[in-house]
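Data block below; observations after.
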Amino acid sequence: MAAIYLLIAALIASSHALAAHGAGGGVPLAAAAPLPFPGDLAASGKLRTDPNATVPASMDFGNITAALPAAVLFPGSPGDVAELLRAAYAAPGRPFTVSFRGRGHSTMGQALAAGGVVVHMQSMGGGGAPRINVSADGAYVDAGGEQLWVDVLRAALARGVAPRSWTDYLHLTVGGTLSNAGVSGQTYRHGPQISNVLELDVITGHGETVTCSKAVNSDLFDAVLGGLGQFGVITRARVAVEPAPARARWVRLVYADFAAFSADQERLVAARPDGSHGPWSYVEGAVYLAGRGLAVALKSSGGFFSDADAARVVALAAARNATAVYSIEATLNYAANATPSSVDAAVAAALGDLHFEEGFSFSRDVTYEEFLDRVYGEEEALEKAGLWRVPHPWLNLFVPGSRIADFDRGVFKGILQTATDIAGPLIIYPVNKSKWDAAMSAVTPEGEEEVFYVVSLLFSAVANDVAALEAQNRRILRFCDLAGIGYKAYLAHYDSRGDWVRHFGAKWDRFVQRKDKYDPKKLLSPGQDIFN
């Protein structure tokens, strides 16, 4: 125990030195705590304060905010994380804070820890026992919290199965998305990723490792799923799987009228009287603002629109005097032995009742893996063009279905029409509230409406215009507030306690009680700015 306190003293001293002298570097923690002993994270080199470790951990995908940690832990196993948290909890006085970094894909510093410790979760993925395992009966997959969803997919496909619910981008960690919710086009029928978790291993703010599920330690299970890293870190998740299809017919349908677009989207996600759903396994949508950037936006949409197709859509918008056009994106999955004619017939039948513009249906046939990992190719192209590592002032909202037309008029046909250039996709699609578990920490719009929309305005500041884009986001939120649109922010970041209280609404008191129970010293995930 004496060695642990030497570790704490060294860390606090390092943090104070950084605060006093700036971010010019750090002193190796092992030098401050020279006594070697089994499990000493500092002496083993796993806990580092050098700039090569701390500077990369001070930034995230958003490229908007930065916060230098005092140290970074590179754990070899969950036991190293537990040791760090036990040491932090046992520290006298005001302990250091701890955050958990997967791919660093937060946009507003949610995974940063100014003057604290950032845990580099992906360090647990190297060596040792496999951290992704499909059950013998093919019912579930166990995955380490540090594992990427794309690797979970590949391991599961090798056994002929796959998780049911995804995010659009698979190069994120299991623990990262489950700490938020994890939404995509499958959410309408299977719920978010958190609704598909069977069991977790969690290390709490006490440094205690707990296995939890709906049957055992259910309060912690519900707290952690969608809990923004406030109650513990997920080191293992058991996720339900289903038989994996071989291929997908990937369809895009173009609309010039928002009412027809949203009505068809809601028709596609509506459950039948027996609770089942239609043949579409994935339903999303996109908005393309008319104007000089319309053709470029269309041609960057997954290869669906050729130059000639884009020109036709531009002409359609002009003929209808439309300020925006809309596209439903959907997939129909099928087996390897399905014939092209049978797939064509199934798609034709599924499209029969829809009201898209005649002649404006586009499709591709792809492997199931190619579809799910579709965004990665776009990332590679943007990376090569130097447009990936730019500021990303994203705005993600859950909007009640009854108010989505008001949002369209006020935002897509209003505020965004004054923007000089829009770089980044504008995504919009409905999901069913009944597929979400109200006991979990994630929040959805209040009220009894079954349908709400996921709206993701994924702006990229490619023209050094991040301040203007952030101001635009504030205008959008102010419009929603003044119009009484009862939205909830997804992947939220607020600067005041009052905003967080409003965000959680009826869940706030329970959220606070759970924080006091599982992280009473407020050690975990300080970058969320909820309790710190």
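Every residue, even glycine, has its Cβ placed from backbone N, Cα and C.
For Phe100, Gly102, Arg103, Gly104, Ser106, Gln110, Asp168, Thr173, Ser179, Val183, Ile234, Tyr490, Ser525, Gln528, the entry in Swiss-Prot reads FAD binding site, with the evidence type similarity to another entry. Feature annotation from Swiss-Prot assigns domain 'FAD-binding PCMH-type' to 65-244. Taken from Swiss-Prot, the feature N-linked glycosylation site covers Asn52, Asn63, Asn133, Asn321, Asn432. Marked as pros-8alpha-FAD histidine by Swiss-Prot: His105. Summarising the annotation, Swiss-Prot assigns signal peptide to 1-17.
Structure with Swiss-Prot features highlighted.
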residue: Asn52; record: N-linked glycosylation site; Cβ contacts under 8 Å, 6 or more apart: none
residue: Asn63; record: N-linked glycosylation site; Cβ contacts under 8 Å, 6 or more apart: Arg389, Val390, Pro391, His392
residue: Phe100; record: FAD binding site; Cβ contacts under 8 Å, 6 or more apart: Ala111, Val118, Val119, Met121, Gly175, Gly229, Val233, Ser525
residue: Arg103; record: FAD binding site; Cβ contacts under 8 Å, 6 or more apart: Phe61, Gln122, Leu148, His171, Leu172, Thr173, Gly176
residue: His105; record: pros-8alpha-FAD histidine; Cβ contacts under 8 Å, 6 or more apart: Asp60, Phe61, Tyr169, Leu172, Gly176
residue: Ser106; record: FAD binding site; Cβ contacts under 8 Å, 6 or more apart: Asp60, Phe61, Gly62, Leu112, Leu491, Gly527
residue: Asn133; record: N-linked glycosylation site; Cβ contacts under 8 Å, 6 or more apart: Val141, Asp142, Ala143, Ala155
residue: Asp168; record: FAD binding site; Cβ contacts under 8 Å, 6 or more apart: Ser184, Gly185, Glu284, Arg374, Val375, Ile427
residue: Ile234; record: FAD binding site; Cβ contacts under 8 Å, 6 or more apart: Gly145, Val174, Gly175, Leu178, Ser179, Leu200, Asp201, Val202, Val224
residue: Asn321; record: N-linked glycosylation site; Cβ contacts under 8 Å, 6 or more apart: none
Maximal Cα-Cα distance (Å) across residues annotated as binding FAD, namely Phe100, Gly102, Arg103, Gly104, Ser106, Gln110, Asp168, Thr173, Ser179, Val183, Ile234, Tyr490, Ser525, Gln528: 24
Fewest other C-beta atoms within 10 angstroms, as judged across Asn432, Ser525, which are the recorded positions: Asn432
Per DSSP, three-state class assigned to Asn52 (N-linked glycosylation site): helix
